Amino acid sequence: MFPSSDFSFSPSSLFSAYASLTGFLMLFRSMLHDFVPEKLRSYFSSLLDRFFTPKSKYLTVIIDENFGLNRNQVFDAAEMYLRSKIGPETERLRVGKIPKQKHFTISIERGEEILDTFEESEVKWSYVQSENEKGDKVKRYYELTFEKKLRDKVLNSYLTHVVAESEEIKRNLRVVKLYSRDVYASDDDDGMAGGNWGCINLEHPSTFDTLAMDPNAKKKIIDDLERFLKRKEFYKRVGKAWKRGYLLYGPPGTGKSSLIAAMANYLKFDVFDLELSSIYDNGELKRVLLSTTNRSILVIEDIDCNAEVRDREAENQEDEQIKGKVTLSGILNFIDGLWSSFGDERIIVFTTNHKERLDPALLRPGRMDVHINMSYCTGLGFRTLVSNYLGLDGLNHPLCEEIEALVDSTEVTPAELAEELMQDDDTDVVLRGVISFVEKRKVERSKTKKEVSICKATDDDEKQNGSLGCVKKKKKGGKQKGKGKGKGKAKTYLI
């Protein structure tokens, strides 16, 4: 049906066909270069490339080290973020350390890749470092590769997540500083604070885990701090300065300073310790407070020792002794007045041993937001001390239950109990010593209260009878002149 063909594919015929085709292509190329403009040739070439090259489903974003003349914030955030994503599959790392750092800085070397997952979507990071032809400039950048369908999620949500995580990592690595106007600036000073503030590293070991406080009270403080950190937009919406005021009150040795250190270590906030006695007047107070930094805790200890805060009427006196001093109105102006809006993310802490001595204006809501009673140690607080100092669970030792009952019924401070727990290395000896100490303290407290009660009752009776009080002190000059018996009465003092 199909006649056979005499045509055969011999090597000579194939070579002849190849030569003819090659000659035609060379002639076509020559004509193309001679008669078709270069721009038109490039246009058709790009069309052919796009038509025949398969489209990739991946998109790559370049994150350069510099953005214009400034550092690229996204590059720095990615560098910090990827340090926490280094896994065992990474083959090459870079390690460095500067004198002020406590830990080594570890990052990936060029050519290394890191896979990351965000909301069930996978992305790939690559670190690239290249030099120019002269070798005097190094270009560093990250390549972020992901599927094109994830473009909006990565460029909006994921990169925002990377920046936020990097800020959190930096806060955790940051060394908390303690500022005071009595300390000279050191090499560790970052220069952020002015106003003659000097600083040292706050290496106080106190944390909320080591505080001898009721667990529920500690949880309330932590929850309040967390809410404060997350409410930037809330404070802005309600028209309030982004700050929080705490009043710590209670007898000495109950852990007020330790709580402040625990708050600073938890928040990674610097601490500015201000002594009002070192401030000349309200103008200097304003300058000093304006020189503090954001994300800091301003501490004014023993606020009850300042006469102007105890007695508001002292502001209205005109004598020279009062002039040139810090007044209560000057302090209140920085708590909730016009000057309270300076800075963001600030915490103000006042401490006092005698809350009742403070002017009521200082205690009103909106000025001191949280009042924390740092009272005597409780049984639960003693458990924390036993765990910290003896390294054991108080519930596992037979003497601890007896001590907890004694502590709950006695006025004894955590500092006093901590001192007793360091008296010996033997646990049984220490705990028996604590029992003896608490029992002795209980007897002393009971005796003191009884004496005060008797003295007060006696004084009340004698006052009603018009006679002397508990302790009598005669006026100088011996006998008093005059006929009346009431003249020259001794002054009465209560112990």
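Note that the numbers count up from 1, one per residue, in the order the chain is shown.
Note that Cβ sites are derived from N, Cα and C of the backbone, with glycine treated the same way.
The transmembrane segment annotation in Swiss-Prot covers 7-28. According to Swiss-Prot, the ATP binding site annotation covers Gly250, Pro251, Pro252, Gly253, Thr254, Gly255, Lys256, Ser257, on the basis of sequence analysis. Among the features that Swiss-Prot reports, region 'Disordered' is placed at 451-495. Under the heading compositional bias 'Basic residues', Swiss-Prot lists 471-495.
Annotated features taken from Swiss-Prot, shown on the structure.
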residue : record           : Cβ contacts under 8 Å, 6 or more apart
Gly250  : ATP binding site : Lys256, Asn353, Asn373, Met374, Ser375, Tyr376
Pro251  : ATP binding site : Asn353, Ser375, Tyr376, Thr413
Pro252  : ATP binding site : Asn353, Thr413, Ala415
Gly253  : ATP binding site : Thr413, Pro414, Ala415, Glu416
Thr254  : ATP binding site : Met374, Ser375, Tyr376, Cys377, Thr413, Pro414, Ala415
Gly255  : ATP binding site : Leu211, Ala212, Met213, Met374, Pro414, Ala415
Ser257  : ATP binding site : Glu301, Thr351
Taking the centroid of the Cβ atoms of Gly250, Pro251, Pro252, Gly253, Thr254, Gly255, Lys256, Ser257 as the ATP site, which other residues of that chain lie with their Cβ within 8 Å of it, listed in sequence order?
Asn353, Met374, Thr413, Pro414, Ala415
According to DSSP, folded down to helix, strand and coil, what is Pro251 (ATP binding site)?
coil
Kindly assign Lys256 (ATP binding site) to one of the three DSSP-derived states: helix, strand or coil.
helix
Taking 10 A as the limit, how many CB atoms besides its own sit near the CB of Lys256 (ATP binding site)?
21
